[in-house]
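Asker: Got a structure for you, written out below as structure tokens; questions coming shortly.
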């Protein structure tokens, strides 16, 4: 059953925290949604968060809603994994609850619930357009870190769903960095050929999403502790150049991995999406 | 010893979380400070938070730093009380740690540490201008709920320190509402004549701060659960009318007591202060 847990007026629109059952995850899933003032239908931006986050981090920290209200943009921020007592977990912050990686897991103990790919692209869609005045035909997707990985891979694989894509400090090559290697091995098993559909650089190399996006905007802080060990955005610009995909990668001098970085450049991303929706 | 616990680049400036020893509270006190880009000196806005808050709530939720960067405004957000194992506390959310009420306590067990009035107006001042490029002569103060009470009372009593004052959903008459009656009785004792110096309506009636402020801006949400039982801003506009003090009270239809309300009107308050600093 769809539930609205909180409603707050915000910049003339409404901010709601909701929960609904997902067939993909077999759990109740939480998300926040900002709806501008007016009847709609509104273009919709989905924002996917990073490791350890819930739907709350973007919602309270990103400072996105003033510009979203101006642009008439709905913004949806889902949780990053299934949660609950009956759901598998791991003591590490980068696996299990809070670390869904936007894949459909095939391996034990994750397979029954860790199906965030299907959750975001199917179940969340269904509830969004049944309950809110979004325009299903005008959707964009963005995200941060693990959520940037999610935004890039979901967009490239679903250009019929998403017409614009951007990311903040994304994991672009999960097959070759520690966070991704650990998560993809756990969720998808050791056969790396099955990882390619969840690796933005591999998707570009495989021609997935070719021609769908006129540009992809990526902001990356130069003082981000994860830049070298986990993120390496140059791998994405290299793969994009080889695939003929335009990418605007902006290295932001002095910025780190936090929401202080995200909030600084949020308005640019919202305008990037609004121009394309 | 002054310590910088975190530094983040944010809207071209810097956001720091700091800790320093306070003689007034006898404890280490935390605050956040946003400093715009450039050498300064910058006008300074102190923002006092409400019950249960720390320095973090405003810092991550208010969405103030984009406009502050544009206006060249430093913003300081201190914690709401002394804290720690040796500091008195109460199981209720509205007394003790997280509920300092910006007074200097005279009663046991609070007196040794609960001296937030002297902390904000003296010790925080000293460290701010020793460590940051603020302009001591151009300061404003604002706050939310209990912190709105703090802003109004500290400003009226210290017009030499603060040249502008505003508040979001402030407690204006603590002597006559449950939150204030409980806290002032605990911190200052049962003699209500000693409460007057910490009650914004009484200060106006007593002529304290007369002529110091050309206007006082107050925003109040109409859907705020605390409006009737705790806040009652009409008591302040009545007292102000009798005292000849201009107050701009804006009742914001549909808004509640949360940071979604505060963030919506934050830029208006920053501009109000910047015009006067």
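Here the Cβ of each residue, glycine as well, is placed from N, Cα and C on the backbone.
Below are the features I grabbed from TrEMBL:
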- B:145: active site, charge relay system (ACT_SITE)
- B:224: active site, charge relay system (ACT_SITE)
- B:257: active site, charge relay system (ACT_SITE)
Asker: So which of the active-site residues is most packed in, judged by how many other Cβ atoms lie within 10 Å of its Cβ, out of B:145, B:224, B:257?
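Answerer: Result of the Cβ crowding comparison: B:145.
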Asker: May I ask for the distance between residue B:257 (active site, charge relay system) and residue B:145 (active site, charge relay system), taken between their Cα atoms and rounded to an integer number of Å?
Answerer: 8
Asker: If one measures from the C-alpha of residue B:145 (active site, charge relay system) to the C-alpha of residue B:224 (active site, charge relay system), what distance in angstrom results, rounded to a whole number?
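Answerer: Rounded to a whole number, the Cα-Cα distance is 11 Å.
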